[in-house]
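Structure first, then comments.
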Amino acid sequence: MNRYRYESIFFRYISSTRMILIICLLLGIGDMSAMGLKKDNSPIIPTLHPKGNENLRATLNEYKIPSPLFDTLDNSYETKHVIYTDNCSFAVLNPFGDPKYTLLSLLLMGRRKYDALVAWFVLGRACGRPIYLREYANCSTNEPFGTCKLKSLGWWDRRYAMTSYIDRDELKLIIAAPSRELSGLYTRLIIINGEPISSDILLTVKETCSFSRRGIKDNKLCKPFSFFVNGTTRLLDMVGTGTPRAHEENVKQWLERIGGKHLPIVVETSMQQVSNLPRSFRDSYFKSPDDDKYDDVKMTSATTNNITTSVDGYTGLTNRPEDFEKAPYITKRPIISVEEASSQSPKISTEKKSRTQIIISLVVLCVMFCFIVIGSGIWILRKHRKTVMYDRRRPSRRAYSRL
């Protein structure tokens, strides 16, 4: 009897352990989803439209990308230079060039409505990488910028979208715990009724956090400026999100979950601003000794001498699906920018980290499977032994005959 007693206690222990593991696994997955995180602790990019918002139209954006060189001499702002030192918080990119003056001039001319576009790029050596793009239509000049009846999806570079979002003013780019590889020249392009407002900001990341996301920089995604003649978001595999505030909350919760400095209000004062650079700094930044390697008959020169300040074929807010088929240009030889010698190590470490996570997950699943198999086997054996014991102890029926 003692043997069966101990076996029963052991079986109950195995069953309770198995149930605890299953419950913990379910709670862990549910907690990640509730916090807006994936299994690798990276933020989830919300792509669903907010319910009941009839003003959001995905058809407004025709996926056309303007050129980062869209500029005029009338709004040649200085290049702001900021240094990021708060290693586990947010980097705020807010260059010069406020659209409120353009809206004021439209209001003085008696115009009550306007259309607009906001785009962010990171510039390389004679190339540009689109980060963010959003269009607005039927906006009011009496309201702050971005107060519109129609808004397109916010189109994001997938890698930047994991740790970045656009501020509530629709203008500032916020990056959570940036790594050193994100240092560089960024440009923001605002187009209001065809009038461009282009401004640059130079970001220098001096200190990074241990969990800063690496592997965001990719030279293949930095396209030569001739790409933007017919370039679309489809050629770049950009992701569209219709819930910017949910996107913002997911990035903030991700930073707080992994130990970053979560601030209720993200302000620009966290950045150290040094002396501004002239607007001509962009031209010197573009030039590279390797530019001539990519000049051929079929490809427009990547140097700034052969690039005009037109819109590169961009005609503003249109809704012509037939234009989607007019973008056959795909970069065959990407412009290789000058990068640090240590830039390859973050990619390798990221790959090793992901492999380690996969191996750990497989080991945990195998252990859980073994627990389930062992517990099920013991349960079957116990049931079988109970049946045998019951059959042995059951009294046999004897036939009694009358005397």
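Each residue, glycine too, has its Cβ placed from N, Cα and C.
What Swiss-Prot records for this protein:
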type	residues	note
DISULFID	C88-C209	disulfide bond
DISULFID	C127-C222	disulfide bond
DISULFID	C139-C148	disulfide bond
CARBOHYD	N87	N-linked glycosylation site
CARBOHYD	N138	N-linked glycosylation site
CARBOHYD	N230	N-linked glycosylation site
CARBOHYD	N306	N-linked glycosylation site
SIGNAL	1-34	signal peptide
TOPO_DOM	35-357	topological domain 'Virion surface'
TOPO_DOM	379-403	topological domain 'Intravirion'
TRANSMEM	358-378	transmembrane segment
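Shown here: features listed in Swiss-Prot, placed on the structure.
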residue	record	DSSP (3 states)
N87	N-linked glycosylation site	coil
C127	disulfide bond	strand
N138	N-linked glycosylation site	strand
C148	disulfide bond	strand
C209	disulfide bond	coil
C222	disulfide bond	coil
N230	N-linked glycosylation site	coil
| Between N87 (N-linked glycosylation site) and C209 (disulfide bond), how far is it from one CA atom to the other, in Å? | 5
| request: Look at each of the glycosylation sites, N138, N230, and point out the one with the fewest other Cβ atoms around it within 10 Å. | output: N138
| task | Anything within 10 Å of N230 (N-linked glycosylation site)? Look among the recorded positions C88, C127, N138, C148, C209, comparing CA atoms, and list what you find. | result | none
| task | Based on Cβ atoms within 10 Å, give me the single least packed residue among the disulfide-bonded residues C127, C209, C222. | result | C209
| Least Cβ-crowded entry, counting other Cβ within 10 Å, from the disulfide-bonded residues listed as C88, C139, C148 | C88
| said: Can you give me the Cα-Cα distance between C209 (disulfide bond) and N138 (N-linked glycosylation site) in Å, rounded to a whole number? | reply: 42
| Distance from C222 (disulfide bond) back to C88 (disulfide bond), taken between C-alpha atoms, in Å | 27
| query | Among the disulfide-bonded residues C127, C148, C222, which ones place their C-alpha within 10 angstroms of the C-alpha of N138 (N-linked glycosylation site)? | reply | C148
| remark: Rounded Cα distance in angstrom between C127 (disulfide bond) and C139 (disulfide bond) is 32
| note | Averaging pLDDT over all residues of the topological domain 'Virion surface' (35-357) gives 70
| field | Between C222 (disulfide bond) and C148 (disulfide bond): CA-CA distance (Å) | value | 31
| Can you tell me how far the Cα of C222 (disulfide bond) sits from the Cα of C139 (disulfide bond), in Å? | 32
